[in-house]
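J.: This is the structure I have questions about; it appears just below.
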Amino acid sequence: MKFLWAALVVTLLAGCQADVEEEVKLGQEPDRWQAKQPWEQALGRFWEYLRWVQTLSNKVKEELLNSQVTEELKLLIEETMKEVKAYKEELEKQVGPIAQETQARLSKELQAAQARLESDMEDVRTRLAQYRSEAQAALGQNTDDLQGRLASHLRKLRKRLLRDAEDLQKRLAVYQAGTHEAAERGVSAIHERLGPLMMEGPLQAIPPSQQLRERAEAWGQKVRGRLESVGSQARDRLDDVRDQMEELKAKVEEQASQVRLQAEAFQTRLKSWFEPLVQDMQRQWASLVEKVQSSLGISPSTKPSKTK
């Protein structure tokens, strides 16, 4: 039980440190995606295309008004996911005598990381499609506000994309290392079992302490994997909430500006309505006073004399 609590504390502390390091990495994005495997090269092409879109040059603005950009991104997403799948299948072919439970866990974590990366890439394409619709609706008007919001969203999506791409890269490395380690462990176990049989005859049983150690290592890996998964999900949810709050703030500010403009327009309209009415009432009152004075024989320009 003490070992469990110690493992949890160490893992949580490591997670906190990883969050700090992650913010530093996101603040210092690399000039280009360092590509080694085919899937990384495909992702690099998506990455470079996104950087070009973020410039929001006149050429980009022109192509954003049609479906060319989103179609290009769709092809790049399909190419990247195809290469990731091919690389994963290549690793699976290299799997040696690995425990079924370990393989299932590693495969599940890898699929989750792959799904997050694909979702990030699709979010970029969806946001650009949304901008195209908004820009076409506001054609002929000032679109600086739309471009500002698009640039802000693309920066956030790019950070999330970088983080999840690095996570997928690490998961693939762990999967590859796990298969190699399992294969080496399987070959070593065969040698340990067959060696004494060939030299001495009887098979030697695996020491109980070794079995306990292997079980403890497997249990530790399982706990660490679950904690990493929970931490990643929590960070994703926090990012989503932060993005939603910023979008809500922008919408509230926009609606407040619209309400203020509508109130000013309504005030101007009310003034235009009531000014003629007030002027007409003043004219009618002056006419009434003049008639009363005329009926009483009082000249409007003559002041009444004082009685002695």
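Each residue's number is its place along the chain shown, starting with 1.
Cβ atoms are placed via backbone N, Cα and C, with glycine included.
The region '8 X 22 AA approximate tandem repeats' feature in Swiss-Prot is assigned to 75-246. As annotated by Swiss-Prot, region 'LDL and other lipoprotein receptors binding' applies to 153-163. Residues annotated as region 'Lipid-binding and lipoprotein association' in Swiss-Prot, with similarity to another entry given as evidence: 205-281. As annotated by Swiss-Prot, region 'Homooligomerization' applies to 257-308, with the evidence given as similarity to another entry. Feature annotation from Swiss-Prot assigns region 'Specificity for association with VLDL' to 269-281. Annotated repeat '1' per Swiss-Prot: 75-96, in sequence order. The annotation repeat '2' is assigned in Swiss-Prot to 97-118. Under the heading repeat '3', Swiss-Prot lists 119-140. Look at Swiss-Prot and you will find 141-162 tagged as repeat '4'. The feature repeat '8' is assigned by Swiss-Prot to 225-246. Per Swiss-Prot, the feature signal peptide maps to 1-18.
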J.: List, by number or range, the same-chain residues at least 6 past the region 'Specificity for association with VLDL' (269-281) whose CB is under 8 A from its CB atoms?
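T.: Long-range Cβ neighbours of the region 'Specificity for association with VLDL' (269-281): none found.
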J.: Let me know the model's mean pLDDT on the repeat '4' (141-162).
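T.: For the repeat '4' (141-162), the model's average pLDDT rounds to 88.
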